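All remarks here apply to the structure that follows.
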Amino acid sequence: MTRRLFGTDGIRGTANTDPMTAEMALKVAMATAAQFRRGSHRHVVVIAKDTRLSGYMLEPALTAGFVSMGMDVVLVGPLPTPAVAMLTRSLRADLGVMVSASHNPFHDNGIKLFGPDGYKLSDEMEAAIEARIAADGAAGGPAADLAGPRDLGRASRLEDAPGRYIEQVKASFPRGLRLDGLKIVVDCANGAAYRVAPKVLWELGAEVVPLAVGPDGFNINRDCGATAPAAMRAAVLEHKAHLGLALDGDADRLILADESGTQIDGDQIMALIGRSWAEDGRLKGGGVVATVMSNLGLELFLRDRGLTLVRTPVGDRYVVEHMREYGFNVGGEQSGHIVLSDFATTGDGLLAALQVLAEIQRTGRPASEVLRVFQPLPQLLRNVRFDPAGGVRPLEAAGVQAAIRAGEARLGGRGRVLIRKSGTEPLIRVMAEGEDEGLVASVVADIVAAVEAATVPRAAGEAATVTQVQPAE
């Protein structure tokens, strides 16, 4: 079975435009309920959201769909994605739902689904749900399984949900340690963690400088958060803070800044935690699981210490799947999704930050020393925006394939090229890394030019937009 609605991180799109409409949310809820209902017990689903305006549309539509199928709904309001996974498990619920488009702008939204074990659904399960949606009104469609008048579900609010999540995150921090004496900037992206993140740090003893904690439905991720950490970095310098944290809209990813304002990505965080846990005998699987986007320097760093770096396709769900299958407990993405399976079933930016802070407190060293774990190779990532409705397939174009082969030949065995389509946005991502920064930039520029030549612009007369995401270091 193929998936058309679901991407690498659930269903995502522009709010009130197919597929991110109230009607589709209703269908998704009904189809998911039909897929998961088993036996005669009262089925329960947990629903959370971030702070987008469209959450007020999608949350009740999902609620109506589940209730119509006889499932009780527990509403927890704005909370991070990892909180949904945690609450789904702790409440013994059958499902968890997060209404969020993560790091995307406010006009997008999405639906992420979690099973009773707190893990995101498999590709096969998502395909089965899609098949039920496609069968709407026919045998096998969700409408065929509607609950009777006496069997409808109920919806209620769990008022102490934020407190439950706060205590769960704090429990991951070593007993006997506190954050006394540390000044920490935390950028909550005007998103799902705007209440809980500052509280966690404050309750552990830190002096907290909160940023982007005034959501208005429109400002989520706007010039703030993990994908725009400039304000956080500036605040670290302004307030002479010891560390800066930037979360994204649903708080499942983390970017840091040390006391000098230098940005620290997920690769350095994974290297730090992997090394620390290996030294303590806590690291499982003999290494770390990351994606094809992680810097080659991380792989070399781990190899020098007798540890392995296992690479998966892009998407934290694939990282988690490999961790579960092969027994790893540290994994993540360069973009800041950090998965620590001893504590959580999905990426949790706040939880990962506490592991870094524990290392800073244990060693008594500044963040600039603790977090510069390895020397990354020069790496450049650029995005080319295209119109998927135009039917063009840039990755299959002969000119693009020729540019990739030429780039690989120029880098030889001293670097690599990766080009892929984003699973969440209409972007072609072009990445190269190697020892020579100038050569890397030249290779990326040539491939980007080839992709642009093969790309249909989004609007008549508009050039394909290219955004440099991570400059070479």
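One is the number of the first residue shown, and numbering goes on along the chain from there.
Glycine too: its Cβ is placed from the backbone N, Cα and C atoms.
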Of Ser68, Ser90, Ser102, Ser422, residue recorded by Swiss-Prot at the Mg(2+) site of Asp248, Asp250, Asp252: Ser102
Cα-to-Cα gap, Asp248 (Mg(2+) binding site) vs Ser102 (active site, phosphoserine intermediate), nearest whole Å: 6
Mapped DSSP class for Asp250 (Mg(2+) binding site), helix or strand or coil: coil
Most crowded position, judged by CB atoms within 10 A, among Ser102, Asp250 as recorded positions: Asp250
